[in-house]
Amino acid sequence: MSISLVLLIVMAVMYACGIFLLLERSMTRVLLGFLLVGNATNLLILIMGGEAGLAPIVGNGVTAEEMSDPLPQALILTAIVITFAVSAFLMALIYRSWRIEQDDDLDDDAADVAMRDGVSGIASETMDTSESDTEFGIRAEAAVSTARDLERSDELAAAEAANSVVAKPVTQKSGSGEDPR
Amino acid sequence: MNALVPLVVMVPLLGAASALILGRHPRMQRVVALLALSVVLAIGAVLLVVVDSDAPLVMEVGGWSAPFGIVLVVDRLSALMVVVSAAVLLAVLVFSVGQGLADGDDEAPVSIYYPTYLILATGVFTAFIAGDLFNLYVGFEILLVASYVLITLGGTEARIRAGVTYIVVSLLSSALFLASIAMIYGAVGTVNIAQISVRMAEVPVDVQILLHTMLLVAFGIKAAVFPLSFWLPDSYPTAPAPVTAVFAGLLTKVGVYAIIRTETIIFPGPELNPALMVVALLTMVVGALGAVAQADIKRLLSFTLVSHIGYMILGVALGTVAGTSAAIFYVVHHIIVQTTLFLASGLIERRGGSTSINELGGLLKASPLIAALFFIPALNLGGIPPFSGFIGKLALFEASAEQGTPLAYLLIGAGAFVSLLTLYALMRVWNMAFWRPAADVADYDSPLLHNVSEAPHAPVLQQTRSTPALMVAATGAMVVVSIGLTVFAGPLFAMSSRAGENLEGPSMYVDAVFPGGIE
């Protein structure tokens, strides 16, 4: 059985990138990783189907040797549908997580943290949240607050109120974040 | 009789569709769900009787004959698993109906709970009767997607945190399973299990070991076998009590079922058996040590679940008829008992307002019935004679002694030690939660409570809630079934021995799927 080298390399790269992304904390990257791994697996099934050939329709004067193997294609179609359903669920989960925490990062497991802090002699350290590599944690907050500002300024402009009233709570908010430092 | 085979999958699936349509009528939903699972239980019982007295039943879906179409196969093992899981699903459904009626369904959004639960049942039954490796994968995916929804039910922060662990691990295992199917197809050119078993003999041994390992790793994640088990105690305890009960009872056992099939039909050779025995040993010991360190009953039970998966893997790893038969008996026993214990812990949580043994006390006086419902399965799981746990372990040890290698004797020793550890952990729960007077809880000090860790985010003592009669009745029914396993252990063990004999050498399975022989 000869196989296409290009397909093989593409599959390997997709697996590598997919597994790398699956190991990330950010749920959005996990989703992307899952999609890559899923499609890499589909490519693997395709490769296992052997050489490409003509459409496997009986009765067009095509001999069995010239046809491509139809079973891997059926398997891939099913796998695609399953991947689609699971990624829809994951997106709903990410949205829900974002609604709760404004963040799609996975927190440290509480049991692990407790174990580190507790009897065992391992130095206590927690995840450094300032360098968290979430896909839209900080930016999302900014986006939401500017959206709020726009709404407010529209309302206030209509009411001809001073802009400083709006600015105050905003600066206070960002100010209070800087205070401890 | 073949027509009954697809009904095992069709009935819960149609039930799920009707329950979804009836989303605004919770009472009708409950009726539909109970009816669907009762019908499956009845069909499963009929199938078990038919299959036990005669050859396995094979259904060719769409009328396409075996290597081209998809086949559904019910042999003794499949029928036994369908009956037991239908009984467990039904009991847990009654339990959750009782809980939902009592709480006004604030924890479980009722419109999706019943359809999802039935879809989960569909996936479990599909996996049990699949005669085609890809269909097994589809069954796994159906049950997994339903379980994703159930484990994050309500979408609270803790459940999403726990759900993400579970979901990502399951996604990885599914991808691995699908990749193994692709590789097996590349090696033998078919996904029909019977045909694979015939053609696999011609594949070089090194390729066989590679494919075998890939499948075992994929199923090992699902079955929570050491070292692939650490996701389980993190994710199961946060789900609602009935969901945890059904996950603990059934989902890991579907993985064990797939491992039994892999070891007996697809790769009957002994190449990986020593490795599996070591894995079984570590699963037992590490799980039990984890259970001893837990203060929270649900987490403790999750660790005992992992540890007892090791016993089943031991039976499969022996590679003998006696070992496989004992493993099948142990699977049946463990599905029932583990589910019962989780249901009982659900009752304890409502009655005592907590599941931590640091907080609970005086439950024996407060509720002798719940005490009995916890005590009997606890002794059973610990392997006290005459319960089925003892019988199952005895059968496993006998099968190991029959093999007689040093590793087999080491596993017998480890198995006995682990059952003592399980008993210790469960009896500590009994001493603290039930026997200790409630007045003593505040400043109680005992060496038993030193160095046990609480569950993360353990809620402070909540208010106690009523335990509705329906919930107690469902748990009671499960306890009665578990005692039934003990009383009727003879016929049941004879049945699982016959199921084990079925699996000795794949020829019976192959003959059933290809009655006219295979090229």
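Just so it is clear, glycine is given a Cβ too, placed from its N, Cα and C backbone atoms.
Some features that TrEMBL has for this protein:
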type	residues	note
DOMAIN	B:130-412	domain 'NADH:quinone oxidoreductase/Mrp antiporter transmembrane'
TRANSMEM	B:29-50	transmembrane segment
TRANSMEM	B:80-98	transmembrane segment
TRANSMEM	B:110-130	transmembrane segment
TRANSMEM	B:136-154	transmembrane segment
TRANSMEM	B:166-189	transmembrane segment
TRANSMEM	B:239-260	transmembrane segment
TRANSMEM	B:272-293	transmembrane segment
TRANSMEM	B:300-321	transmembrane segment
TRANSMEM	B:327-348	transmembrane segment
TRANSMEM	B:369-387	transmembrane segment
TRANSMEM	B:407-426	transmembrane segment
TRANSMEM	B:469-494	transmembrane segment
Q) Looking at B:369-387, B:407-426, B:469-494, which one has the highest count of Cβ pairs under 8 angstroms to the transmembrane segment (B:80-98)? A) B:469-494
Q.
Do any residues, 6 or more residues outside the transmembrane segment (B:110-130), come within under 8 Å Cβ-to-Cβ of it, and if so which ones?
A. 5, 8-9, 12-13, 15-17, 19-20, 23-24, 26, 29-30, 32-33, 36-37, 40, 72-74, 78, 81-82, 85-86, 89, 93, 96, 100, 136, 138-147, 149-150, 153, 193, 246, 250-251, 254, 257-258
Q. Under an 8 Å Cβ to Cβ limit, what residues of the same chain, 6 or more beyond the ends of the transmembrane segment (B:166-189), are close to it?
A. 133-134, 137, 140-141, 144, 147-148, 151, 195-196, 199-200, 203, 207, 210-211, 214-215, 217-219, 221-222, 231, 234-236
Q) List, by number or range, the same-chain residues at least 6 past the transmembrane segment (B:369-387) whose CB is under 8 A from its CB atoms? A) 304, 308, 333-334, 337-338, 340-341, 343-345, 347-348, 351, 363, 393, 419-420, 422-423, 426-427, 429-430, 434, 467, 472, 475-476, 478-479, 482-483, 486
Q | Cβ-Cβ under 8 Å with the transmembrane segment (B:136-154): same-chain residues at least 6 beyond its ends | A | 107-109, 112-113, 116-117, 119-120, 122-128, 130, 160, 162-163, 166-167, 170, 174, 177-178, 181, 193, 222, 235, 238-240, 243, 247, 251, 254, 258, 261
Q. Going through B:272-293, B:300-321, B:407-426, B:469-494 one by one, which has the most CB pairs that fall under 8 Å from the transmembrane segment (B:327-348)?
A. B:469-494
**Q.** Tertiary contacts of the transmembrane segment (B:300-321) (same chain, 6+ residues out, Cβ under 8 Å)
**A.** 223-226, 229, 232-233, 236-237, 248, 252, 256, 259-260, 263-264, 270, 273-274, 276-277, 279-288, 290-291, 294, 327-328, 330-331, 334, 338, 341-342, 345, 381, 392-393, 396, 399-400, 402-403, 408, 411, 415, 418, 421-422, 425-426, 429, 497, 500-501, 503-504
Q | Tertiary contacts of the transmembrane segment (B:29-50) (same chain, 6+ residues out, Cβ under 8 Å) | A | 1, 4-5, 7-8, 11-12, 14-16, 18-19, 22-23, 57, 74, 76, 79-80, 82-83, 86-87, 89-90, 93-94, 97, 110-111, 114-115, 117-118, 121, 125
